[in-house]
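Asker: What follows is a single structure, and I will ask about it in a moment.
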Amino acid sequence: MFDILAPHLKGLTEDLNDEIKYQKFKHGIKEVKEFLEKLANRGKVDPLSSNFAQYLDENDKLKYLRYEFSIPKSRDVVTDKVEALSPEEECMYFCGNSLGLMPKRARELISQELDVWASSGVVGHFKHKHNRPWVSIEDTVVEKMADIVAKPIEIAVMNTLTSNLHLLMASFYTPNTKKTHPAKELIKVTPPEGESIVPLNSILEIIEKEGHTISLVLFSGVHYYTGQFFKMKKITQAAQKKGCIVGFDLSHAVGNVVLKLHKWGIDFAAWCSYKYLNSGPGGIAGIFLHEKHANDFNRPRLAGWWGSERKSRFKMDQQFKPIPGASGFQVSNPSVLNVVSLLASLELFSRTSMVNLRAKSILLTGYLEYLLDKQLNGLGFKIITPRDPHQRGCQLSLKFFERSVQEKVHKELMSYGAVVDERSPDIIRIAPNPMYNNFSEVFRFVRALKVVIGDIGVKD
C-alpha cells in the first residue's frame, strides 16, 4: 500500500512544497481522505469500521518495525489514582513527540558497552570486541544520521539540544551593531489573532521588511505545540537573499519529516534525539553545519578538545586544530551509552527510508484526522494542526473549547491505555509514529476518546 505512495514521494522530496502531491499523479487523488476511501473500496470494507484498520495494517509493509520496540503495558502507563481497564494489553502510545519508545536492541547494545567497560577499562577506547572503539564512537551513528538529515561532514552527534543551540549561536549570531542585546532586538512572528498557524506570507513579509536589520533568522522546523511544518526552503532563501544567517531547531522534525538541509542551503541546525529518533530520555543531540562553512576556522566558536583533529587530540600540545565540518564544534567526548542507545534506533531507520516512513505517516495521521472528523465531528474541540498534510508531520493538536478540560480527558484516556500529551491551557497532542504505531491503535484511540468525551460531558 505505502509502496504505491513512496515512488511518487521520492522524486518530490527535493522540494518539500510538493512533497505530498503524489496524489495528483497516478491516482488522481486530491486529499488523503479520498485516498483512504479508495483503499476501503479496494478492500471492500467500511472505512469507519475496525475491519478497515485491520486491512490497512495487513497491507502495511513497515509493520515489521513495530516488533523491534518495547511497547508498554497499559498497567504501567497510568498515574496514581488511575486504574487501567485492560492492564495486560499493550498501551496505545501516541507520545513519541515527547519521548519515543525504546528499541529492543538498545538494551543489548548498552549491555555490551557495560561489559567492555567491565572487562577492558580504559583499553575500550582503542580496542573493542564489538568494533566500536570509544575514541571514535560517534562514527557509528554519523553515517546513519546522514541518511536522515544531510552529508556526514555536516553532522555531529554531541551534547543536548539547548547546549548545542548556545554553541551554534555563539558562532553564528554576529550582529555588526555595538551593544546589541538579543532580548531587545528579537523579532517574533506570531499567528493572526484568534488563529494558531503562522502563515508563510507573514514570515516572508517580516524578512523582506526587516531583513536588512537581521543578523540571524532562527526558526522551528516543526512547531512543538501546533505541529505546523514550516516551509524551511522558502524561509532560508528569503532570509539569505537579505544577507541573514539561517538556523533551525529541528527537534520535532528530524525523524518525522523528509529533510534536505544541504540542498536547501541552511547554515546550521540543532535537534534532540529522544523524540522521533527514539534514543531515550535525555539522549544525545545533534547539529548540522552546512558544508560551505566546513573550513571557516576564523568564525568564533566555543572550542573543546574533542573538536580537535584526532591524530593530535591526545598530544595535549595546547594547539587546537579543528576538524573540518560539524565535528569541529564538538566540545567533550560523548557518552558512549547515549551514543549506542541512539545507534539502536538508527539501525531501524536504516532498514527503510524517510520517504517510506513519511508515506506511511501521511496516511496514519490522515486516518486519525479522518476518524476524528467522522466519529466526533469536532465534539468539544477543534484540530489546530494544519489540515494540509505537507504542512504538518505526524502530530495532531486538539484544542478544547472548555478551558482546562483537557486535563480530565488526558487522565481518563490513560485508563483506556492511551498515552498522549496534555498542554495547558487546552491542548492535547496526538502523535502516531509510523515506526511503531498502527492503524488499529488509531481506531481504538478514537473510539476511546469518543467515550471519554461523552462521559465527561465536554462542552461544544
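Just so it is clear, glycine is given a Cβ too, placed from its N, Cα and C backbone atoms.
Those TrEMBL annotations? Automatic predictions, nothing curated.
Copied straight from TrEMBL:
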BINDING   L161, T162, S220, D249, H252, Y274, W305, N333  pyridoxal 5'-phosphate binding site
MOD_RES   K275  N6-(pyridoxal phosphate)lysine
Asker: Please state how far apart, in Å and to a whole number, the two most distant Cα atoms are among L161, T162, S220, D249, H252, Y274, W305, N333, the recorded pyridoxal 5'-phosphate-binding residues.
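Answerer: Among the residues the record ties to pyridoxal 5'-phosphate, max Cα distance equals 30 Å.
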Asker: Within 10 Å of the residue listed as 'N6-(pyridoxal phosphate)lysine' (Cα-Cα), which of the binding-site residues L161, T162, S220, H252, N333?
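Answerer: H252, listed in sequence order.
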Asker: Which of the three DSSP-derived classes (helix, strand, coil) applies to Y274 (pyridoxal 5'-phosphate binding site)?
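Answerer: SS state of Y274 (pyridoxal 5'-phosphate binding site) = coil.
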Asker: With a 10 Å radius around each C-beta, find which of these binding-site residues (T162, S220, N333) has the fewest other C-beta atoms nearby.
Answerer: T162
Asker: Could you find out if DSSP has N333 (pyridoxal 5'-phosphate binding site) as helix, strand or coil?
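Answerer: Assignment for N333 (pyridoxal 5'-phosphate binding site) reads coil.
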Asker: Which number gives the other C-beta atoms within 10 angstroms of the C-beta of Y274 (pyridoxal 5'-phosphate binding site), all protein chains shown included?
Answerer: 24
Asker: Including all protein chains displayed, how many Cβ atoms other than that of L161 (pyridoxal 5'-phosphate binding site) lie within 10 Å of its Cβ?
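Answerer: I count 18 other Cβ atoms within 10 Å of it.
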